[in-house]
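K.L.:
Got a structure for you, written out below as structure tokens; questions coming shortly.
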Amino acid sequence: MNKIFSSHVMPFRALIDACWKEKYTAARFTRDLIAGITVGIIAIPLAMALAIGSGVAPQYGLYTAAVAGIVIALTGGSRFSVSGPTAAFVVILYPVSQQFGLAGLLVATLLSGIFLILMGLARFGRLIEYIPVSVTLGFTSGIGITIGTMQIKDFLGLQMAHVPEHYLQKVGALFMALPTINVGDAAIGIVTLGILVFWPRLGIRLPGHLPALLAGCAVMGIVNLLGGHVATIGSQFHYVLADGSQGNGIPQLLPQLVLPWDLPNSEFTLTWDSIRTLLPAAFSMAMLGAIESLLCAVVLDGMTGTKHKANSELVGQGLGNIIAPFFGGITATAAIARSAANVRAGATSPISAVIHSILVILALLVLAPLLSWLPLSAMAALLLMVAWNMSEAHKVVDLLRHAPKDDIIVMLLCMSLTVLFDMVIAISVGIVLASLLFMRRIARMTRLAPVVVDVPDDVLVLRVIGPLFFAAAEGLFTDLESRLEGKRIVILKWDAVPVLDAGGLDAFQRFVKRLPEGCELRVCNVEFQPLRTMARAGIQPIPGRLAFFPNRRAAMADL
């Protein structure tokens, strides 16, 4: 077990570091309590809104924030992260919930948890850092656009029997449904969104989510007095408990232990075929969860001066996503906005995230009847604000203005693919394209430079600068071959060649074979890695054709 869970992968790392290695005092608990309550106030409406956006009833978002929030806080590797349902998952979870129902979504969440633990055990935590900013910005902006589009129906109260799955068809259907706008829903949505936008400018430390929802409810009261009809959580969502009792809105009880694949009234059947069908979505959830949770941890490190444990965080995220489905929780990861609010509110340890989850549980037990009165247009306004923040429009504009053309192409491609297809295709294509463009950029840096030295006319002395890898070597040796006419000796100085890969080695060997008769290649100042690569390949000096020297002086000794 110790070999599997090393110090870099072991769960509970953040909790141990924050509360065991550092003295946990009453003063620190007070700060965590205040931070936990602050974040809990933000999390309650967001968790419900994100569950609705994911195609399931709002209580499942609360179950996620409660159960996954506690498990990940205690077992993860980032002491300030607050986990729960996040906006990034909406575009993945909604199609799964529509096709397979809640049970299929819970099974996919469980599978994603297994993937996350495997990523942590394989120490993939630091590999996430190699995903280019242009890729992450492209797909997060694309997700923001998609989420924003998905909220227009509820925000305006449009009457739509069916919402198409493809983005362009969805936009067309929304446009055609505009004549069915519900003025009451639209008024509530606009007021709620307006308060969310302008609240931060007031300088009040209380998060704007609660005042915005209260204002939306006040407008709903006016609409009802005027005889209008407004869609609420209670009017749109119904539940059936295990004992057969039914109700509207949100059940006033704790999350119940269930088998994710065996829910009451579910048509989902757990088979190898169903698991195989869910695996791509589960892997997408795991990839997105890993990226978002580790990006969140990096942001928090910058805010607090601490250092997260990337692989421990992946293991903690995996445990949370494995345990949560047994209590009705959907996919969870660290939420950047809630985690940043946690830090700003004075959090000192993962205990603040636990307190935030406890507050969510108390809301389930005490406030469920009141939460059922929340208007759906106000929930949509919350998600529109989340979508705007997630799009990071200011960063997109900055990249368009100042970044190299290659990065702009990658970002726009990732954004478009995320909107038109899905995140997995966007990230896969984006990483491949970014890698190819990066290799082209590096290949252009590999070149031949003249060495100023007094030698006979039939001797050529050049310095190779840059890595000799597959994308650069062929062009470099082709250039060198064009300079060989009338040369008896060619001296190549390799002191600026840090890397020689298999492609570079192959190009080098073919160049040696193509050397004109009577021309000798002398290689000197070879660095360790290229020297080791040639030694492993069995490259040997060839009298009169190929020779190796420790330095340029030795290579020129007999000229």
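Note: Cβ is positioned from N, Cα and C throughout, glycine not excepted.
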K.L.:
What does Swiss-Prot say: are Glu22 and Lys307 on the same side of the membrane?
P.N.:
no
K.L.:
Between the stretches 55-75, 127-147, 213-233, 351-371, 373-393, which one has more Cβ pairs under 8 Å with the transmembrane segment (419-439) than any other?
P.N.:
127-147
K.L.:
Can you work out whether the transmembrane segment (102-122) touches the transmembrane segment (178-198), with the criterion being 3+ CB pairs under 8 Å where the paired residues are 6 or more apart along the chain?
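P.N.:
No; fewer than 3 Cβ pairs under 8 Å.
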K.L.:
Could you check if the transmembrane segment (213-233) is in contact with the transmembrane segment (127-147), meaning 3+ Cβ pairs under 8 Å among residue pairs at least 6 apart in sequence?
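P.N.:
Contact between the transmembrane segment (127-147) and the transmembrane segment (213-233): absent, because fewer than 3 Cβ pairs are under 8 Å.
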K.L.:
Kindly say whether the transmembrane segment (351-371) and the transmembrane segment (178-198) touch, using the definition of 3 or more Cβ pairs under 8 Å where each pair is 6 or more positions apart.
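P.N.:
Checked: the transmembrane segment (351-371) vs the transmembrane segment (178-198), no contact.
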K.L.:
Honestly, do the transmembrane segment (55-75) and the transmembrane segment (314-334) touch, with at least three Cβ pairs under 8 Å and pairs 6 or more apart in sequence?
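P.N.:
Between the transmembrane segment (314-334) and the transmembrane segment (55-75), which are separate recorded stretches, there is contact, as judged by 3 or more close Cβ pairs.
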